[in-house]
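Peer 1: Before we start, here is the structure in question, set down as structure tokens.
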Amino acid sequence: MQKISKLGVLTSGGDAPGMNPCIRAVVRTAIYNGISVVGIRQGYKGLIENDMFEMGTRSVSNILNLGGTILKTARCMEFHTVEGREKAYKNLKDHDIDALVVIGGDGTFTGALKFSQQFPDVRVMGIPGTIDNDLYGSTYTLGFDTATNTVIDAIDKIRDTADSHDRLFFIEVMGRDSGAIALRAGIACGAEGILLPEKATAIDELIELLKKGEFNKKSSSIVIVAEGDKSGNIYDLAKKVKQQISNYDIKVTVLGHLQRGGAPSSFDRILGSRLGYAAVNALMSGHTQEMVGLEANVIKTTPIEEALTGHKFKLEDDLLQMVDVLSI
Ligand code: ATP
């Protein structure tokens with residue numbers, strides 16, 4: 001097996017808290033093992049535009065506690081093309097880079113797989129970095145825990161004002177096609193309703209539920225709506241409910257990008273460190289076209305193809321049933 005002498009690392013797609021601890025772990029594990037490291041700025045864009053720099057152990061000092069990514073991230077259409085990936089390959093070869101660690105979500109992994117199939121001599125390892133928690137092969141992705149805590153913190157504050165004014169709040173949270181943040185935050189904040197993309201919502205049922213809450217003398221209600229929920233625009237939804245429940249003052253809050261920011265939680269710092277360390281070790285052992293993940297507290301690798309096609313978010317019916325019971 002060919003020994004790796006130089007490794008490139010990039011972050012791509014949406015940023016996620018925990019990427020920095022992960023970069024730090026990749027850089028230090030590689031250097032510890034005698035492998036040079038090149039940081040690639042702005043994901044695949046930097047790879048194509050040759051925006052790279054040598055990294056040392058000190059270039060990742062004091063970043064464990066920082067949100068975002070020191071390598072920056074971007075979305076890059078050119079990487080979708082064979083020619084774009086050829087340019088990227090040429091730049092990697094010019095820098096004598098023989099392995100690549102990509103930290104990102106499903107789009108990033110699709111790009112990594114295509115690149116690796118086109119140029120199999122560059123070993124590629126993926127690390128799941130996305131707040132959406134939508135990749136198969138890792139129970140948790142980097143950033144999910146921090147983002148969920150951020151959402152909980154925001155909803156706690158909203159609950160204070162909702163309670164003071166007898167208000168009903170519809171709160172939209174991120175997650176693309178995944179309801180993972182919505183479900184966890186809904187449980188932690190005692191939401192009266194949780195609307196998820198994985199489950200069709202009957203508006204009548206929701207209205208019934210909220211009326212019951214009113215009858216039971218609830219002074220406020222919170223309904224969490226995952227951004228990928230199929231019942232339509234959150235403002236239209238609030239209007240429809242308003243027509244049937246007039247007592248409540250109904251408000252809508254879209255939490256938006258604040259969910260991506262902030263210092264990574266202890267969980268994401270440790271997860272990032274473990275996955276970064278594991279990714280370099282896996283590459284050194286000859287693995288390629290795989291993703292490192294954590295399942296049942298054990299680090300494992302999964303072929304990228306499987307990480308992309310495996311069905312991640314099995315709707316946790318037991319959790320939803322629990323929400324119905326606990327929110328009476
Ligand atoms: P998040 O889940 O946080 O949005 P992501 O990794 O899914 O992160 P994307 O914007 O979907 O974010 O993908 C990141 C980058 O990966 C794209 O900008 C593009 O450069 C590359 N990429 C995505 N899909 C493909 C594809 N089909 N072929 C080649 N490259 C791709």
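Each Cβ is built from the backbone N, Cα and C atoms, and glycine gets one as well.
The domain 'Phosphofructokinase' feature in TrEMBL is assigned to 6-283. TrEMBL lists Gly14, Arg75, Cys76, Gly105, Asp106, Gly107, Thr108 with the feature ATP binding site. Summarising the annotation, TrEMBL assigns ADP binding site to Arg24, Ala25, Val26, Val27, Arg28, Arg159, Gly190, Ala191, Glu192, Lys218, Ser219, Ser220. As annotated by TrEMBL, Mg(2+) binding site applies to Asp106. Annotation comment: TrEMBL describes Thr130, Ile131, Asp132, Arg167, Met174, Gly175, Arg176, Glu227, Lys251, His257, Leu258, Gln259, Arg260 as substrate binding site. Feature annotation from TrEMBL assigns active site, proton acceptor to Asp132.
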Peer 1: Cβ within 8 Å of the ATP site's Cβ centroid: which residues qualify beyond Gly14, Arg75, Cys76, Gly105, Asp106, Gly107, Thr108?
Peer 2: Ser12, Gly13, Gly43, Gly104, Gly111, Thr130
Peer 1: With respect to ligand 1, which members of the binding-site residues Gly14, Val26, Gly105, Thr130 satisfy a Cβ distance under 6 angstroms to one of its atoms?
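Peer 2: Close enough to ligand 1 are Gly14, Gly105, Thr130.
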Peer 1: Could you say which of the binding-site residues Asp106, Asp132, Glu192 has its Cβ with the most other Cβ atoms inside 10 Å?
Peer 2: Asp132
Peer 1: Quick check on the binding-site residues Arg24, Arg28, Arg176: which one has the highest count of other Cβ atoms within 10 Å of its Cβ?
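Peer 2: Comparing the binding-site residues Arg24, Arg28, Arg176, the most crowded Cβ belongs to Arg24.
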Peer 1: Given the binding-site residues Val26, Cys76, Met174, Leu258, which one's Cβ is surrounded by the fewest other Cβ atoms within 10 Å?
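Peer 2: Looking at the binding-site residues Val26, Cys76, Met174, Leu258, the Cβ with the fewest others within 10 Å is that of Leu258.
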Peer 1: Can you see whether DSSP assigns Arg176 (substrate binding site) to helix, strand or coil?
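Peer 2: DSSP assigns Arg176 (substrate binding site) to coil.
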Peer 1: If you count other Cβ atoms within 10 Å of each one's Cβ, which of the binding-site residues Gly14, Gly105, Gly107 has the most?
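Peer 2: Of the binding-site residues Gly14, Gly105, Gly107, the most buried by Cβ count within 10 Å is Gly105.
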Peer 1: What does DSSP say about Arg75 (ATP binding site): helix, strand or coil?
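Peer 2: Assignment for Arg75 (ATP binding site) reads coil.
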Peer 1: Does Thr130 (substrate binding site) have same-chain partners at least 6 apart in sequence with Cβ under 8 Å from its own Cβ, and which are they?
Peer 2: Gly13, Gly14, Ala16, Gly104, Gly105, Asp106, Thr141, Leu142, Gly143, Phe144
Peer 1: In the structure shown, with every protein chain counted, which of the binding-site residues Arg75, Lys251, Arg260 has the densest set of Cβ atoms within 10 angstroms of its Cβ?
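Peer 2: For the binding-site residues Arg75, Lys251, Arg260, the Cβ with the most other Cβ atoms within 10 Å is Arg260.
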Peer 1: Nearest of the binding-site residues to Lys251 (substrate binding site) by CA-CA distance, picking from Val26, Arg75, Thr108, Gly190?
Peer 2: Gly190
